[in-house]
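Peer 1: Starting off with a structure, shown below.
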Amino acid sequence: MSAAPIELPRWADYVLVPALAVAAAFVIAGLVVLAIGENPLESTAILLRGALATGEGVGFTLYYATNFIFTGLAVAVAFHAGLFNIGGEGQATLGGLGAALVCLQFESLPGWLLVPLGALSAAAFGALWALVPGYLQAKRGSHIVITTIMFNMLASALLVYLLVNVMGRPGSMSPETRTFVPAAHVPFLHEILARFGVVIPTTPLNGSFVLALAAAFGVWLLIWRTRLGYAIRTVGANPSAAVYAGISISRITMIAMMISGGLAGLLAVNEIMGVQDRLLLEFTGGYGFIGIAVALMGRSHPVGIVLASLLFGVLYQGGTELAFDKPAITRDMIVTISGLVILFAGALDGVFRAPLGRFFASRRRGDA
Amino acid sequence: MTERVSPGRTEPGGRRWYSIAAPTDQRDDDPRMTATPALAIELVGIHKRFGEVHANKGVDLAVRRGSIHGIVGENGAGKSTLMSILYGFYEADSGEIRVNGAARRVRSPGEAIAAGIGMVHQHFMLVEPLSVTDNVMLGAEGGPRLAHGARQVRAKLAALARDYGLTLDPDAVVGDLPVGLRQRVEIVKALVRGADVLVLDEPTAVLTPEEADGLFRLLRILADEGKTVILITHKLREIMAITDRVSVMRRGEMVATLDTAATSPAQLAELMVGRRVLLRVEKNEARPGAPALVVENLVVRDAQGTARVDGVSLQVRAGEIVGVAGIAGNGQSELLEAIAGMRPIAAGSIALDGAPLGAAERDPAQLRRLGLLHVPEDRLRTGLVPSFEACESAMLGFQDEQRYGAGALLDRGAIVAHTLAEMEAYDVRPRAPLLKTAKFSGGNQQKIVLAREIERGPKVLLVGQPTRGVDIGAIEFIHRRLIALRDAGVAILLVSVELEEITALSDRIVVMCGGRITGERLPDRTDERDLGLLMAGVSDRAA
């Protein structure tokens, strides 16, 4: 027997609790801002304005959100199978390698072929990189949390080696490949719209955003509407029921990890093929880790993940503006706010859930 | 000497079952109230809701000091909720708890212990590698120096042994003790913490009949010495044998409180269900056909390499029910799971319809296709996915069937429609395919599993604990279905820890102990004592 389950109306569960978590994070962050002698209300206004008030701000916000959607979905798919995939960073790194190999190898292909091939290659490299920990978990019982963390380190070491010794631009000091051919570039949104005569500010927002939304829909379809998704959820929710149902846990573990790794690998489509147009170090920028918070906050549901990604996109973009406007507030401050959001939305979920549960229970009593 | 009114009359506004409860109450209470007014526990107007479920609807309960008070009711009637409120796991939405006449708030188990209420859980809360003394001391060490607390606990253990005959070796390692003695450790834990009121939740579920008798003798001694015992059970036989008074709950309400001497199992069953119930299963002679399932010299080992099933041979013919009796944990579960393909077998063979099964066929999905279906022992851990919608649980194991959608996609409409049809046929309540599986009562969850397995027309059906945690009304329904299935020519292997169920349903009974079969009996040529000895491992006396 354990404590009573906390029952909340759906809207409170999915909207009110996360909203309160974000509000609490901002209040505490506001106290820190106050402590360093800045005005928290003014700072919040700058942050929101920077992220949402201008077309340029919105473009950057959505560009950041694209990365979060990919990594958030990656974590969520593994999570549905009961696996905690910490390896988003490494899988995205390998995704970059996959994308770069295709883009550098098949320079003569037309863009309509090269871009999808590059994206497929990114997903495949991410998937295969995730398959190894998946295999070790399924067949050898090595804990996936440990192995995926190790594989993050292996991936970054591998990328350094390749860029310094194998793929690097000859004669260049910086560890990066040569620039891809223009055909390999995922078009920016402002480029696409310009063709139709619509002028929007120049931002890194590119076609990957559409791919991310499609991936979110695909994940929803996979998890809730396919046999494979049913098997994945059964393994995650009740492994012994999966054995009873004749579902192979090791097979599902490996498949779920591959899908997860593939989604993480797609981050490279945005960063490498959409923005940088070359492979370079550290392009994953910690998105793989924040994807864990995104999935947690979005309750592993694609809609929640898209919303949480937008929130983190706002924080990233607005935070950059804030750091620019207020020299006293550095980028570290934004990391602090993100951390507080993660803390309240993920780890301290119960702080709001328990009192809300009591509140709704007492209201029901009043009705009765 | 007292102004307390009989608990039956304190509640204003009589309820419709009052005609049953009131006469008994008044006739017996009034003279006794003046003689022994002491009520150890009173619950007044307890309400508790979980979301849509109104688990306790204004429940009143009065338990006399020094008595053994039984609480019966179907699963989901609200007994466990009520006791969880008394023990502080849940807080009531409204209502009052009185201990020895004084209102008290009990918001946590700690406060319950402080109020003198102790709980013995169905699943023991013991640390197996620790000694009896350490377990009893746990959470009540009495300061940073263990030696001091241990001395005190030892003194208390000695006192309990003296006063109640509750003998226990204080240095024995709990993991080495038989189940009956582990339960005794739980009781001692509660008493050492100063419990005057002991709540026992289904205490005999894990005991042999002999051990249960021992427990009842102990409870009687405790009651005679002034302790109060509240016994939650669904076994009417135990209620009749041991309690002084009995309260019946139905659908969250307390429908009657009766003197045990003035009632009968039939009346209690009727009160629990709200209609007349047949306590016996009606069935005709079995007409067994060819052997459908033949198991020979089966050995199953666990992860540590211990043989959990040790050379078991048995056969089940078409159109007969073979019951496997035994105390929980003697290899029956492993036997079922091995036959169902969920566990590897170390040696021996299994044949279906005369054809021995190869390694490739001993896979749950393959066996399903061959007509061997399985109602697993543990619904929630194995047979269903509690967090899934009922319709998703209703396709577990059959998720690849074409009726649920072609290709990779699932057809939600077909799944829901199919589940609804099964729910109609098996009277699952509520008929809500989209409700979470966990929100159904035990009986209705079991019906979802049975509908899923039986509806596919099995050749061989493995059934584990079909009525564990299932209410009386549903038990009747499930038993009738199993008998009908047998009469239709299905071979049924039934594993149950309920001896009554085994003897009522089986055409042949085999008894397991320590992974071996200790004897085989015909149900009409044996009794509980005989089976109890076999269950305890006393080998067959060649009857």
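Note: Cβ is positioned from N, Cα and C throughout, glycine not excepted.
Where the annotation comes from TrEMBL, it is an automatic prediction and has not been curated.
Sequence annotations record features per position, and here TrEMBL assigns transmembrane segment to A:15-36, A:57-79, A:111-132, A:144-164, A:205-223, A:243-267, A:279-296, A:303-319, A:334-356.
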Peer 1: With contact taken as 3 or more Cβ pairs under 8 angstroms (pairs 6 or more apart in sequence), are the transmembrane segment (A:243-267) and the transmembrane segment (A:15-36) in contact?
Peer 2: no
Peer 1: Under a Cβ pair cut-off of under 8 Å, which of the recorded stretches A:57-79, A:111-132, A:279-296, A:303-319, A:334-356 contacts the transmembrane segment (A:15-36) most often?
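Peer 2: That would be A:334-356.
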Peer 1: Please report, as numbers and ranges, the same-chain residues at least 6 past the borders of the transmembrane segment (A:205-223) whose CB is under 8 Å from any CB of it.
Peer 2: 59-60, 62-63, 65-66, 69-70, 73, 76-77, 80, 115, 119, 186-190, 192, 229, 232-233, 259, 263, 266, 269-270, 273-275, 301-303, 305-306
Peer 1: Residues of the same chain, at least six outside the transmembrane segment (A:279-296), with any C-beta under 8 angstroms of its C-beta?
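Peer 2: Apart from its flanks, the transmembrane segment (A:279-296) reaches 67-76, 79, 86-93, 96-97, 99-100, 152, 156, 159-160, 163, 167, 174-177, 264, 267-268, 271-272, 305, 308-309, 312, 338, 341-342, 345-346.
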Peer 1: Kindly say whether the transmembrane segment (A:57-79) and the transmembrane segment (A:303-319) touch, using the definition of 3 or more Cβ pairs under 8 Å where each pair is 6 or more positions apart.
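Peer 2: Per Cβ check, the transmembrane segment (A:57-79) touches the transmembrane segment (A:303-319).
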